[in-house]
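Below: one structure, written as C-alpha cells.
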Amino acid sequence: MAQQIFQNYPPPLSEQQQVYLSTYVKNWTIQHGLTVRPSAAQVSEEVNPNAVLATNAPVSLFPSPFPRKLFKQAQSLQTVYNELYAAIASNETFLESVMKELIDVDDFLSNLWKIHLDVKAEGYTHEHALGLFRSDFMLDAATDTVKQVEFNTISSSFGGLSSLVTQLHTELASFPAPATSLAYPPHPLFKTSGRPNHPPPNEAVPTLARGLASAHKAYGPAKSSPALPLCVLFLVQPSERNIFDQLALSSRMHTSHNVATFRLPTTSVLEQTTIGTSSPSRPLIYHPPSAPGTAYEVTTVYFRALYAPSEYTSPTFWQARHHLERSAAIKCPSILLHLSGSKKIQQVLTSTEPDHLGSFLPNASAATLDSLRSTFAPQYALDSEGLALATNPDTAAHHVLKPQREGGGNNIYRDNIPPFLASMPEKDYKQYILMELIHPPASAHNTVLRSDGEVVSGDVISELGTFGTCLWKTPRPHDADAPKQGEAPSTPEILHNEEGGYLLRTKASGSDEGGVATGFSSLDSVLLYDDEHLH
Ligand code: ADP
Ligand code: MG
C-alpha cells in the first residue's frame, strides 16, 4: 500500500511551474543561508580570489513522504540511543574487548586508543563527556520498519541546514490560498484530516545548542587563576565548505545562551591553545588571533573535524588530538565516545548472545528494548557466518561491506564484495563488518536543485537522521569510587538527555552512497503520512 504513496508523489509540474518553483527555492536559499561555499572545481580561485561566494546547498524541491508512525518511533528511540552510547563510552572494558582486534590492524584506531591510554596513565582531570548524536535510518519497504544505517558519535552534521529546509518546504506548502498551487500543485498528501499538511517543526538547532550549553554550564567556574572568561571551541577543518551549517549553531550559542564561541581550525590547535599551568587540572586556554593579549578558558571542544584518517596529514594532528584530550575541556566527543561510534561496535550490539542492550540499559522496559532491536538490520563480523555470506556472490548481492570509517564513500556493495575480499590477506578481514542491505521504497521520486544550479528529477531514496544530545559523568579509572578490576563497569550519571530535530537526505536511487557534502545527494524534509493517506 505504502508504495502507492510514493508512486503518485510529488504532483507533476509543468515546465513553467518548475521554473517558478526552482527559482523561488534558489533565491530562498541565499536569502536564508541555506548555503555552502562552492568547491574550487565549481568556482575557480581566479574568479573568487577572496572566497566571498556562496551557493545554495543541494535541496529537494518537495518534502519526501515518510510514515508518521515510523518517524515517531525513530524520534522516541533517540534518548534511548543517547543513553546506550553514553553507557558504551563509559565502559572501557567493553570497548577494549571489542576494539582489541582492530587496534592490532588499524593504525587510525590504534593511535586513538593510544591517546586514551596515555591520558589515562597521566590521569583524566574531569569526568564529563558530551555527545551531539545523529542516528541515521532508512525505511525498509519489505518489512514496513525503520532500520538504522549507522549511529554517529562525532561531527554529526546538517542540523543547521536541515532546519532551514524544513522552513523552506513549510513555507512552500503553506502559501496563501489560492496561491498554494503556484508552489505545489494540489496533492492529497498536502492535507491531513482536512488541514494543511507540512513538515513537522525541526528543533535541531535549539536542541544541539542546548547540548553544548549544558556542557558549558557543567564545566563550572574557570579553573585558571586569575580566572579567565569562558568559551566553547568549534574545532573545524581548515577549508570547510559546510560552514553555514556550523554557524547556525554558534550564532544560537551567542544569542540564546550568551556563550562565546570561536572557530579553531585543526591546523592551529597547537598554536592557538595552551594548557594552563596555574592549575593541576590542565585547563585549556584559547588565545584568539583576532585579539592578541586576550585569553579564554575553554569549557567544551566541539569536534566538527578529526574524524577521518585523511585529516591527520602529519604527526602534528595527532599531537593536537592528544593535547585536547588531556585538557580539562569537555570533549564532544571524547576519544572513548568517538570509538564507541565505530561500525564494529554497532555490529556487536546486534548480537543477542550476550544481550548487550539489556546490560547497557538496565532500566529500559522490554518494550523499549524490542523497539530498539527492531531498528537493527542484521550485521556480521567476517568470521564463519559473515564470511560465508560475503564470499558467496548470491548472498553478497544483499549486503554492504563497511570498514571502520566515517564520512561517506568507504563502503563496498553487493557483487563487488567477493572480489574485494579476495584481493586482500585474510588477516585484514577484521577491519570490516557485513550488513544486510535495507530496501527503501523503490518508486519514490523527487526533483533536486543542485549546488551548480541544475534541476534534476528522478527516482530517489531517503535517509532520515534524528538528532539528540547527551551529557554525562563517568567515574574515571583513577578515581577512588571508580570500579576496580573485576568489578562491574561504571554506569554513567546522565545529566542531560534530549531528542530534537531531524535531517532527511535524499539521493538518486542509482547511487549507493549519499554524502551531501560530496555532491550526490540533497537536503530534504519529511511530509508525514498516516493510514488515512493509504486509502
Ligand atoms: P558513513 O560513516 O560513511 O556515513 P554509513 O554506514 O552511513 O557510513 O554508509 C554510507 C551510506 O551507505 C549511507 O548513507 C547509505 O546511503 C548507504 N548504506 C549504508 N548501510 C546501508 C544498508 N545497510 N543498506 C542500504 N544502504 C546503506
Ligand atoms: Mg552515514
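Glycine residues also receive a Cβ, built from the backbone N, Cα and C atoms like all the rest.
Cross-referencing Glu406, Glu426, Glu436 against the Mg(2+) binding annotation in TrEMBL, which names Glu150, Asn152, picks out Glu406. Each of the binding-site residues Arg134, Arg241, Lys507 was scored by the number of other CB atoms within 10 A of its CB, and the lowest score belongs to Arg241. In this structure the alpha carbons, written CA, of Tyr413 (ATP binding site) and Asn152 (Mg(2+) binding site) are 21 Å apart. Neighbour density around each Cβ, counted as other Cβ atoms within 10 Å, peaks among the binding-site residues Tyr307, Tyr413 at Tyr307. The record gives Glu150, Asn152, Glu406 for Mg(2+). Within 8 Å of the mean position of their Cβ atoms, the other Cβ atoms in that chain belong to Arg134, Asp136, Phe151, Thr153, Ile154, Ser156, Gly341, Gly407. Under DSSP, residues within the domain 'Glutathione synthase substrate-binding' (231-340) fall into helix, strand and coil as 43 helix, 28 strand, 39 coil. When the neighbouring Cβ atoms lying within 10 Å are counted for each of the binding-site residues (Pro403, Gly409), the highest count belongs to Pro403.
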